Structure formats: C-alpha cells, structure tokens
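Undergrad: So that we are looking at the same thing, I have put the structure below in structure tokens.
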Amino acid sequence: MVCFRLSPVPGSGLVLLCLVLGAVSSYALELNVTDSEKATCLYAKWQMNFTIHYETTSKTYKTVTISDFSTATYNGSICGDEQNNPKIVVQFGSGFSWTVNFTKEESTYSIDGISFSYNISDNTTFPDAKDKGILTVRDAVGFRIPLNNIFRCNSLSTLEKNGVVQYYWDVHVQAFVQNGTVSTKEFLCEKDKTVTTVVPFVPTTAPSPTVTPAPREKPEVGSYSVNNSNGTCLLATMGLQLNFTHDKVVSVININPNTTDFTGSCQPQTALLRLNGSNIKYLDFVFAVKNENRFYLKEVNVSMYLVNGSAFSIANNNLSYWDAPLGSSYMCNKEQTVSVSGAFQINTFELRVQPFNVMEGKYSTAQDCSADDDNFLVPIAVGAALAGVLILVLLAYFIGLKRHHAGYEQF
C-alpha cells in the first residue's frame with residue numbers, strides 16, 4: 001500500500017489518503033479527512049473510472065477510458081464548516097478533476113452532486129478533438145443516508161451525461177462522521193439490497209465434496225465488451241455458471257446477463273473483463289499475451305456475498321485456459337469447466353472470447369476448443385473403422401481366392 005500524507009488544508013485539518021493498486025490499472029481510493037483535532041469527519045473508499053466519447057476534427061468519434069489515478073492529488077477536500085459543506089476533490093492526469101459535495105439535514109445527509117471536469121485540449125489524451133478547453137459534467141445524485149450510517153454500494157453504478165460515462169463500484173462513504181469514529185451501520189444502495197437466491201446442494205456421503213453437482217438449468221448466454229480510445233478492445237460471449245463449496249455445502253449460481261454490469265480495461269500485454277452483480281462484488285477475467293503470438297486466460301478473481309451475510313473470495317493468477325493465437329478469437333460451444341480452485345469452478349456455455357486485436361468491433365476467425373474438436377473425431381473414427389473392416393474383407397477374399405487356385409493346380 002502506498003500512502004500519501006498531504007499538508008493541512010486551512011480550516012479542514014489533515015488529509016490522509018491511500019491508493020491501493022488494483023488489478024490491471026484499477027485503483028481503490030481511500031480517503032480519511034480529519035479536523036483540527038485530528039478526529040475523522042469524512043471517510044470514503046471507492047473505485048471508479050470514466051469513458052469519454054468525443055468528436056474529432058474529421059467528424060468521426062473516439063472513446064477514451066480514464067482509469068489511472070496513480071498521480072492523483074486531493075487539494076480542496078474538506079470536513080466542512082458553518083460556511084462550507086464537506087466535499088471530496090480529486091485531481092489527476094492532465095487536467096482532470098472530480099468533486100463530490102455533501103449536504104446535511106436534520107436526521108440525514110446527502111451525496112448531493114458529482115462533477116467531473118476534463119481538459120479536451122490535451123491532444124495526448126484527446127487526439128484530434130474538435131472541441132477545446134475545460135468541459136464539466138454535473139450530476140445531481142441526491143442519495144439520502146441516515147446520519148451515523150456509512151453508505152455502501154459494492155455493485156457497479158453508472159452516471160451518463162454529455163458523452164461521459166462514470167463508473168463507480170466498491171463505494172463506502174460517510175460524511176458528518178460523529179465522534180471521530182466511522183460507523184459500522186451500513187446503508188445499502190438498491191442494487192446491494194437485491195440478493196439473488198443461491199441454491200444449496202447438501203452433500204450425501206462425502207464429508208468434503210469438491211465435485212460440482214449437475215446444474216438444474218443452463219445459464220443464459222450474455223454478451224460483454226470493453227472499450228478504449230481505439231474502440232472495442234475486448235469481446236466476450238458466454239453463459240456462466242459458478243460452482244463453489246462453502247462450509248461443506250456445494251452451491252450453484254447461474255449469472256443472469258440482464259442484471260449483470262460489466263467494465264474492464266485493455267493493455268498491450270493484459271486485458272481485464274470485470275462482471276458485477278447484486279450478490280457478486282466482482283468476477284474478474286484477466287487475459288495475458290504469451291510468446292508474443294498467443295493469448296490465454298491467466299487469472300480469475302471472485303468475491304461474492306452469501307445469503308448468510310458472509311463473503312466468499314477466491315483468486316488464482318496461475319491459470320492456463322482459453323489459449324488461441326493473437327488476432328483470432330477462442331470458441332467453445334460445449335460446456336467447459338475453468339477450475340479456479342478446489343472450492344470454486346466456472347462452467348462456461350457457448351463461449352467465445354477475444355481480448356486482443358479486435359477489429360471493427362467484430363470477432364476474428366475462431367479457434368475451436370478441444371471439446372468441439374471431438375465432434376469431428378467421431379465421424380473420422382467411424383470412417384476409419386469401416387475402412388479397416390473393408391480391408392479385412394478384401395484380404396480374406398484374396399486369401400480365399402489364392403487357396404482356390406492352389407486347389408486347381410494339384411489336379
């Protein structure tokens with residue numbers, strides 16, 4: 001963890017901020033603002049990124065993804081006083097700034113509004129942009145939270161306005177902290193309140209089952225994509241079924257793509273697809289390039305909320321699935337199992353992925369998985385067997401014919 005201690009802001013006390021590096025250029029930001037007596041008055045921990053769609057001078061459109069906050073500064077974040085309300089202010093990159101304002105009523109406080117500003121004149125970030133100057137997008141949020149409660153929203157939330165899409169997840173925030181102590185009482189966003197039922201499968205004779213039971217029904221196939229400044233950079237189509245063992249009980253979850261949010265990022269050597277749902281904090285698929293000419297699924301990270309309130313988390317960064325040449329896609333129509341650990345497996349259905357070199361938002365030629373190749377082995381095996389039988393018949397015929405001629409020669 002890398003921590004930055006900033007100089008006291010007049011009237012706001014000391015600001016202590018920590019940046020925790022997440023997967024593939026994703027950062028969790030944690031902010032603890034203290035007053036002049038060093039008591040916490042504003043606390044926040046969250047993850048975010050932005051996509052900006054802009055017009056170029058050639059009348060085409062480009063999309064930029066902003067997800068690197070490693071150079072962030074936080075000047076202007078304050079506890080608030082009689083004249084000013086609390087606010088979080090973040091500056092990052094070249095000309096980006098993000099501000100959240102809070103207000104207080106008798107028994108509640110509100111996340112009143114969020115504003116995001118960016119310098120579209122920066123030709124490095126926005127090449128060939130038609131517009132110039134500082135552009136600002138303001139959204140009136142209006143989340144009301146009871147005083148002495150911390151607002152939690154692990155699910156992915158989005159704000160979209162004027163070509164800018166803001167993504168937020170793993171949000172924990174409390175303004176007007178009482179007695180310098182962050183509350184343990186959580187006020188949940190609507191998405192976190194909706195929990196998908198987990199179907200339990202009770203083991204029979206085996207004391208510690210590791211084999212996933214047969215699913216009752218196949219999951220619905222969903223389509224997911226990730227965009228960067230060059231357009232679509234990752235495509236995925238698949239039905240997903242999560243199988244996990246917790247406290248000697250095997251459970252199955254079918255992911256519903258209609259209620260699943262997704263985001264991600266693309267780098268030259270790695271690509272990330274992150275899924276997020278009501279009871280799934282995150283499900284990460286991390287792809288990597290190997291030998292400069294092939295890609296594969298290298299890593300899966302998952303964190304889920306169980307019906308009893310506990311959490312289930314697994315990570316494995318040493319996988320080797322879905323291997324295919326760069327410039328192609330990987331396809332497997334049959335059911336396939338990704339074994340992340342002994343306690344967690346993912347069954348995929350009608351899978352097709354391309355995490356690199358996507359052209360014009362379309363899949364490239366697919367390399368079939370070995371499961372699909374088995375379909376071709378059956379007719380080949382049958383043909384080979386028939387050919388073998390035919391050869392045996394012909395051999396028997398010629399042997400019989402030879403013996404027949406030998407019998408005539410004896411007379």
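The backbone N, Cα and C atoms fix where each Cβ goes, and this holds for glycine too.
Curation does not apply to TrEMBL; its annotations are automatic.
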Undergrad: Regarding the disulphide bond with CYS153, report which of CYS79, CYS189 TrEMBL records as its partner.
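TA: Cross-referencing TrEMBL, the cysteine bonded to CYS153 turns out to be CYS189.
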Undergrad: Pick from CYS266, CYS332: the cysteine that TrEMBL pairs with CYS369 in a disulfide bond.
TA: CYS332
Undergrad: Determine the Cβ neighbour count for CYS189 (disulfide bond): the number of other Cβ atoms within 10 Å of its Cβ.
TA: 17
Undergrad: Hey, how far is CYS332 (disulfide bond) from CYS153 (disulfide bond), Cα to Cα, in Å?
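TA: That separation, Cα to Cα, works out to 35 Å.
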Undergrad: Within 10 Å of the Cβ of CYS369 (disulfide bond), how many other Cβ atoms can you find? Include all protein chains, please.
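TA: There are 20 such Cβ atoms around CYS369 (disulfide bond).
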Undergrad: Can you count the other CB atoms that lie within 10 A of the CB of CYS153 (disulfide bond)?
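TA: Excluding its own Cβ, CYS153 (disulfide bond) sees 22 Cβ atoms within 10 Å.
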Undergrad: Count the other Cβ atoms sitting within 10 Å of the Cβ of CYS332 (disulfide bond), across every protein chain shown.
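TA: Excluding its own Cβ, the number within 10 Å is 23.
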